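The transmembrane segment annotation in Swiss-Prot covers 39-59, 123-139, 151-164, 206-226, 277-293 and rests on sequence analysis. Among the features that Swiss-Prot reports, chlorophyll a ChlzD2 binding site is placed at HIS116. Taken from Swiss-Prot, the feature pheophytin a binding site applies to GLN128, ASN141. Annotation comment: Swiss-Prot describes HIS196 as chlorophyll a PD2 binding site, evidence class sequence analysis. What Swiss-Prot lists as plastoquinone binding site is HIS213, PHE260, and the listing cites sequence analysis. Per Swiss-Prot, the feature Fe cation binding site maps to HIS213, HIS267; the stated evidence is sequence analysis.
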Amino acid sequence: MTTAVGRISDRGWFDVLDDWLKRDRFVFVGWSGLLLFPCAYMAIGGWLTGTTFATSWYTHGIASSYLEGCNFLTVAISTPADSMGHALLLLWGPEAQGAFVRWVQLGGLWTFTALHGAFALIGFMLRQFEIARLVGVRPYNAIAFSAPIALFVSVFLIYPLGQSSWFFAPSFGVAAIFRFILFFQGFHNWTLNPFHMMGVAGVLGGALLCAIHGATVENTLFEDGDDATTFRGFEPTQSEETYSMVTANRFWSQIFGIAFSNKRWLHFFMLFVPVMGLWMSAIGVVGLALNLRSYDFVSQEIRAAEDPEFETFYTKNILLNEGLRAWMAPQDQPHENFIFPEEVLPRGNAL
């Protein structure tokens, strides 16, 4: 009789866990998943809970949940009260002292959602790094995704850290984001900021490049079959090109006089434009956190003040910003009890 003795594995628990995390399954987990999935679950769950049940009466003096009659466009998880400063508002912290209802009333769901959301986005970027390493491709997807992460962190975390409290961050909601955009314009003249201009150029330029690239590829597809649709005219694993780069180059050379000479430079440019635009916008928001000014054309302001017949679109915008500040502040910050006398409210030939 033969006795088979099993070989005892000399692998440690770390190697076993590493194999399990990187196992080929329908939804890849990986080490990054240990950060991504719990944080994403908490952030999404916190947002759904807050927009369904939580009021903003104690922080902003408004209604912000489905339970109070709001719809999808007007619900929000509002920022904490201005008096909370930059407290993390932990459920067990000195502010809420373990009372869940009090924690929600003070705005604890906002810090909960913001921090878990930030770590979830970082986990998603690390997930792309991890899968790229396992598959054996370059990590440019993760590098590209760093741009929206930078923008999220700068707007939702760094900007309010530069201000007096979390109160001045955007609340998590559609209409709430619109309010924040108006606030940015009125108090920082954001649209005239060069970093915002670079961000707009990057986003719109990226959209234009995508549209041009997609149309050009569709225009120059090889007719590999007699099917009615071009989607059946190729095999996903074929070694041959599915469109003609030479024809595309000739087409755009005739239109602009110049064209991309190879696919590598073309696709790098499509990556570079929107990513750098978002990065520049994020840097600009960090500047606003420090209350840095955008372009100020003081000479035009002085001349407009002295000459009622002189105005430019810049001086018009300055007056509009003053109106936003004067009329928005009492509504946006009711706890300050702002009362502006009539003589300081903006008036002039631009309004």
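Quick reminder: no glycine exception, Cβ is built from N, Cα and C everywhere.
Here the features listed in Swiss-Prot are placed on the structure.
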| residue | record | Cβ contacts under 8 Å, 6 or more apart |
| --- | --- | --- |
| HIS116 | chlorophyll a ChlzD2 binding site | CYS39, ALA40, MET42, ALA43, GLY46 |
| GLN128 | pheophytin a binding site | PRO139, ASN141, ALA142, PHE145 |
| HIS196 | chlorophyll a PD2 binding site | TRP190, SER281, GLY284, SER294 |
| HIS213 | plastoquinone binding site | LEU266, MET270 |
| PHE260 | plastoquinone binding site | ASN249, TRP252, LEU266, PHE269 |
| HIS267 | Fe cation binding site | none |
Close approaches to the transmembrane segment (123-139) from elsewhere in its chain (Cβ under 8 angstroms; 6 or more beyond its ends): 22, 28, 30-33, 35-37, 39-40, 145-146, 149
DSSP-derived class (H/G/I helix, E/B strand, else coil) of PHE260 (plastoquinone binding site): coil
Three-state secondary structure, HIS196 (chlorophyll a PD2 binding site) (per DSSP): helix
Neighbour tally for ASN141 (pheophytin a binding site), based on other Cβ positions within 10 Å of its Cβ: 15
